Structure formats: C-alpha cells, structure tokens
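Enquirer: Sharing the feature lines straight out of Swiss-Prot:
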type	residues	note
BINDING	CYS129, HIS131, CYS148, HIS151	[2Fe-2S] cluster binding site
DISULFID	CYS134-CYS150	disulfide bond
DOMAIN	97-184	domain 'Rieske'
TRANSMEM	27-47	transmembrane segment
Amino acid sequence: MSDTEDTNNDNKVEFEDRSKTSRRDFMVLTASSVAAVGAACTLWPLINSLNPSADVLALSSIEVDLSNIAVGQTVTVKWQGKPVFITNRTPDKIAEARAVKMSELIDPEEDQDRVKAGHDNWLVTIGICTHLGCVPLANQGDYDGWFCPCHGSQYDSSGRVRRGPAPLNLAVPPYTFISDKKIRIG
C-alpha cells in the first residue's frame, strides 16, 4: 500500500502544481493584455495627430475648369498657397517650344515631358521662380514665356529656363485631366 499512497501523493502534488501554474499564466496573460490595450489607447491619439488636418486636406487638391481659358491665355490659380500658371498654348507656341535644341537649355527637358499626352496645348506650372522664389510675369521676356522681375530669369513658352540665374525650369505640379475641360491639381 505504501507504493499506492506515494503514487497518489505524487499525482496530487502534480495536480496542485499545474493549477498554480495555470493561475499564474492566466494572471500574466491578463495583465499583459490590459497593458497592451492601455498602450494602444495611449498611442492612438499620438499617432493620429500626425495625420493632416481637414483644412490641409481641403487644400491638397483643387479642380480647375479649363473651358473659360481662351487659346493663348494664361490663368493663375492658387494651390497649396502657391500660384499655378495654366496656359492654353497656341499651335505656334507648341511648335516653337518643340523646335528648341536641348543644348540651348540650362535645364534640358523636352516639351512633351512637361505636358500630358493628348493635351499638348495645356501647360500647367508652379508660378514660382526657381532662383529665389519670386512670381514671374506671363507673356514677357525675350522668349515670350515668363520673365522674373526680381533677378531677370527668363523662361520660354514651355516654362523652361532660358536665361538668368534660375537653375531649374518652372516646376510642373502633379495634375490629371478629369475631362477634356477640367483638371485636378494635387
């Protein structure tokens, strides 16, 4: 009988150890879960504050109706606090811009790369001189494009810098044609 008693006692001890381990594991799991949920609840507002606010999102893209812009006319709209020039170029201006040799340009870029395919007459550029940030004047200068009154940079009808201290062409913002007469900038 002594063998049986020892066996029963061993089993009893094993059973007690398992229940203590089980309770301990449950408590650790519960405490860890509460800590993880607490950390997530604390970090959520912090991470969410990094998202842009509603007023910034409102300015992130604009739609522009092109139907009122006559051939040969340049219109200025405001996007993200910057002036954007939208030009409805004449066929002569397009041909003139495409005839320019790349070796003549300070910042070589093909005219076709500055416009959307199928909409070659529409040129959309950010209206800030790449030298010191002045706003160039449309249809001015020796190249009948833009002229920066601050330091004399001159851009052609494709917005490419041709003369002066500006190191780069007028930037082209991200834009898409929603229809033949409407674009979305941004």
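Each position is counted from 1, following the chain as shown.
Cβ atoms here come from the backbone N, Cα and C positions, even for glycine.
Describe the structural surroundings of these features, if you would.
Expert: Residue environment of CYS148 ([2Fe-2S] cluster binding site) contains 26 other Cβ atoms, counted within 10 Å of its Cβ in all protein chains. In the three-state DSSP scheme, CYS148 ([2Fe-2S] cluster binding site) falls into the coil class.
Within the same chain, the residues at least 6 positions away from CYS150 (disulfide bond) whose Cβ sits under 8 Å from its Cβ are CYS129, HIS131, LEU132, CYS134, listed in sequence order.
The domain 'Rieske' (97-184): residue composition by secondary structure is 9 helix, 25 strand, 54 coil, according to DSSP.
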Enquirer: Count the Cβ atoms, other than its own, that fall within 10 Å of the Cβ of CYS129 ([2Fe-2S] cluster binding site), considering every protein chain shown.
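Expert: Excluding its own Cβ, the number within 10 Å is 25.
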Enquirer: Say we define neighbours as other CB atoms within 10 Å of the CB. Which of the binding-site residues HIS131, HIS151 has the fewest?
Expert: HIS151
Enquirer: Setting CYS129, HIS131, CYS148, HIS151 aside, what same-chain residues sit with their Cβ within 8 Å of the center of the Cβ atoms that define the [2Fe-2S] cluster site, listed in sequence order?
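Expert: After dropping the recorded site residues, what remains is THR130, LEU132, GLY133, CYS134, PRO136, CYS150, GLY152, SER153, GLY164, PRO165, ALA166.
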